[in-house]
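Quick look at what TrEMBL lists:
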ACT_SITE  B:C131  active site, acyl-thioester intermediate
ACT_SITE  B:H256  active site, proton acceptor
BINDING   B:T13, B:G14, B:A15, B:V16, B:R41, B:S42, B:S161, B:G162, B:N329  NADP(+) binding site
BINDING   B:R101  phosphate binding site
BINDING   B:Q158, B:R249  substrate binding site
DOMAIN    B:6-121  domain 'Semialdehyde dehydrogenase NAD-binding'
Number of protein chains: 2
Amino acid sequence: MTRKPTLAVVGATGAVGAVMLQILSQHADVWGEIRLLASPRSAGRKLVVRGAQTEVLALSEEALAGVDVAMFDVPDDVAAHWAPIAAAQGAVVVDNSAAFRMDPDVPLVVPEVNPHAVRVRPRSIVASPNCTTLSMIVAVGALHAEFGLAGLVVSSYQAVSGEGRAGVDTLRTQLSLVAGTELGTNPGDVRRAVGDVTGPFAAPIALNVVPWAGSLAEDGWSSEELKVRAESRKILDRPGLPVSVTCVRVPVLTTHSLAVHARFENEVSVERAHEILATAPGVVLFDNPAAGEFPTPADVVGTDPTWVGRVRRSLDDPTALELFVCGDNLRKGAALNTAQIAELVAAEFGTA
Amino acid sequence: MTRKPTLAVVGATGAVGAVMLQILSQHADVWGEIRLLASPRSAGRKLVVRGAQTEVLALSEEALAGVDVAMFDVPDDVAAHWAPIAAAQGAVVVDNSAAFRMDPDVPLVVPEVNPHAVRVRPRSIVASPNCTTLSMIVAVGALHAEFGLAGLVVSSYQAVSGEGRAGVDTLRTQLSLVAGTELGTNPGDVRRAVGDVTGPFAAPIALNVVPWAGSLAEDGWSSEELKVRAESRKILDRPGLPVSVTCVRVPVLTTHSLAVHARFENEVSVERAHEILATAPGVVLFDNPAAGEFPTPADVVGTDPTWVGRVRRSLDDPTALELFVCGDNLRKGAALNTAQIAELVAAEFGTA
């Protein structure tokens with residue numbers, strides 16, 4: 001006998017939550033009841049999912065009762081507290097925070113790369129990677145399967161929605177403050193124009209790029225840079241993989257881009273890389289500069305796949321490829337991957 | 001006997017020319033007459049240099065007569081034609097175009113890195129590097145002198161003024177078209193908003209990043225990417241140096257940024273790198289993330305040095321450093337370096 005499992009969306013009212021509700025309405029309907037949960041202050045709001053107005057409930061033990069799969073998109077500390085409670089009540093938790101990603105008893109899953117990992121979840125928790133890792137790992141994973149990855153050097157071009165609604169609002173406000181001015185070619189111009197509208201960023205983000213994301217970790221690294229390294233290693237099951245990352249925020253609303261220098265164990269060719277990327281699930285190869293074809297955030301935003309272009313073989317190293325990849329940080333980078341993991345779990349119900 | 005040499009500024013009316021006139025007014029006055037030259041259609045305009053209104057003359061053999069040093073900032077084809085004419089008339093040409101940079105009989109000079117090279121100029125032409133190369137090479141050259149460079153992986157965040165006034169005007173217009181809208185989170189939003197205001201860019205540049213600069217070269221590389229590789233090798237006198245570059249345009253008006261992964265022949269330390277960068281001429285070390293200190297274009301624009309921050313040693317390779325560097329592409333990246341080279345040549349007059 002099969003039944004459709006009950007899903008809880010924890011953090012339904014956030015930026016990622018909004019995208020999650022869209023995705024739940026667009027995807028094949030594997031879910032029975034969908035319960036929307038959020039902080040007490042959002043309780044009572046009504047959101048549309050699968051075409052129906054649905055009231056948001058306050059997150060509580062009672063509200064989690066009977067839930068089969070709980071998708072969490074909440075701050076790390078909230079996830080750390082509530083995910084084990086949901087798991088103890090019988091739910092499989094799919095968590096999009098950083099709270100459990102490096103826990104050896106929690107698999108870190110990208111369905112196109114390591115779907116098998118979802119089945120081994122001793123804590124009943126499955127983690128979804130950071131949006132920056134997710135924006136490249138599907139493409140890199142496909143190439144790794146063929147050539148054997150030997151090292152990554154990554155530079156990011158990260159959208160402001162990685163900082164949630166506050167990031168988006170800050171960029172929009174700053175843009176309105178600098179638009180139409182002649183500002184921007186003398187030192188301090190942009191800082192003066194944006195004044196104290198800095199939001200979550202360490203420097204102005206309009207007409208600027210900011211080489212910082214996350215919090216300060218050891219030796220000058222940002223937490224975001226260390227996440228990309230640690231998560232890539234875990235997802236690809238290559239614990240010693242050399243990974244160097246520089247994370248930079250850019251004035252783009254949504255969709256992260258990454259310039260990736262990938263070294264492999266074997267000689268590579270652009271032709272073979274094209275074949276792999278053209279057929280890899282979850283990847284769109286968009287690589288014809290002669291025709292002006294390469295991915296940019298403006299074209300990729302709102303779509304599901306990882307887009308790959310600018311594929312080149314290093315002129316000095318026949319084992320290295322250069323790529324430029326774009327992925328919507330709210331979709332594949334967050335809500336979509338979480339939903340895909342949840343659907344892998346739901347499939348277990350279908351065969352119970 | 002010494003005399004002050006006569007300087008010609010060829011291309012005085014362009015975006016770089018405007019910055020050049022500022023610099024000539026700010027620097028110690030090593031020049032006698034300063035003659036402003038441009039295309040015939042700009043002749044007759046008056047520009048201010050050293051506080052004096054100066055009429056722009058049409059570029060011609062006559063206008064070059066008696067010139068000791070001619071600084072060229074004009075398109076490649078114009079430089080290719082006119083620089084040898086100026087040289088034949090006795091001028092030392094300092095050329096900021098790509099026309100002569102890879103000519104083995106033309107030195108490619110960055111005064112902080114290879115000032116000695118300026119003296120060997122069989123064609124009486126000295127080339128100044130591309131703005132992207134210049135935005136990093138002073139910092140990289142200082143580290144190379146200590147540790148011995150073994151390879152570079154570079155990703156750029158290039159300002160629109162690298163495409164001249166058309167680039168700046170295009171970004172300003174596009175920003176006014178997207179400012180205040182809710183556009184930018186659905187595919188095609190930004191393209192629809194900017195319509196046919198694309199200027200010199202292959203995709204919208206407002207609310208976007210575009211992984212393309214220059215023209216299409218072989219095997220999917222852009223001309224800009226190949227320039228950074230070839231020029232870095234020539235300036236550092238390391239013909240076989242492995243260099244992988246991805247050039248990306250970002251919605252910043254002026255100041256290029258680069259994320260640099262630099263491998264060296266010897267083990268490196270952040271402490272020693274800090275010491276070198278803190279004392280290297282033409283470099284500002286600005287690297288204290290705990291205090292929010294790292295370079296961004298908004299803070300660097302309008303200044304002369306190369307700013308360096310985010311200095312980290314690779315966690316997986318004790319011979320590799322990560323850096324984030326910013327340099328004003330119109331100043332050090334163009335006008336300033338050209339002026340510095342011209343001043344090196346002028347110094348020869350002072351000791352004649």
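Here, residue 1 is simply the first one shown, and the rest follow in order.
Just so it is clear, glycine is given a Cβ too, placed from its N, Cα and C backbone atoms.
Unlike curated entries, TrEMBL annotations are predicted automatically.
For B:N329 (NADP(+) binding site), the nearest neighbour among the listed recorded positions (B:R101, B:R249, B:H256), judged by C-alpha distance, is B:H256. Taking the Cα of the residue listed as 'active site, proton acceptor' as the reference point, the closest of the recorded positions B:A15, B:C131, B:Q158, B:S161, B:R249 is B:Q158.
A sphere of 10 angstroms centred on the C-beta of B:Q158 (substrate binding site) encloses 27 other C-beta atoms.
Following the DSSP three-state reduction, the secondary structure of B:N329 (NADP(+) binding site) is coil. Cβ crowding, taken as the number of other Cβ atoms within 10 Å, peaks at B:C131 among the recorded positions B:A15, B:C131. The secondary structure of the residue listed as 'active site, proton acceptor', as reduced to three states from DSSP, is extended strand. Closest to B:R41 (NADP(+) binding site) by Cα-Cα distance, out of the recorded positions B:C131, B:Q158, B:R249, is B:C131.
Recorded residues B:Q158 (substrate binding site) and the residue listed as 'active site, acyl-thioester intermediate' have their alpha carbons 9 Å apart, per Cα-Cα distance.
Comparing Cβ neighbour counts within 10 Å across the recorded positions B:R41, B:R101, B:R249, B:H256, the minimum falls on B:R41. Secondary structure at B:S161 (NADP(+) binding site), as computed by DSSP, is helix. Counting residues of the domain 'Semialdehyde dehydrogenase NAD-binding' (B:6-121) by DSSP class, helix then strand then coil, yields 36 helix, 29 strand, 51 coil.
Within the same chain, residues at least 6 positions away in sequence whose Cβ sits under 8 Å from that of B:T13 (NADP(+) binding site) are B:A38, B:S39, B:S42, B:R45, B:L47, B:V56.
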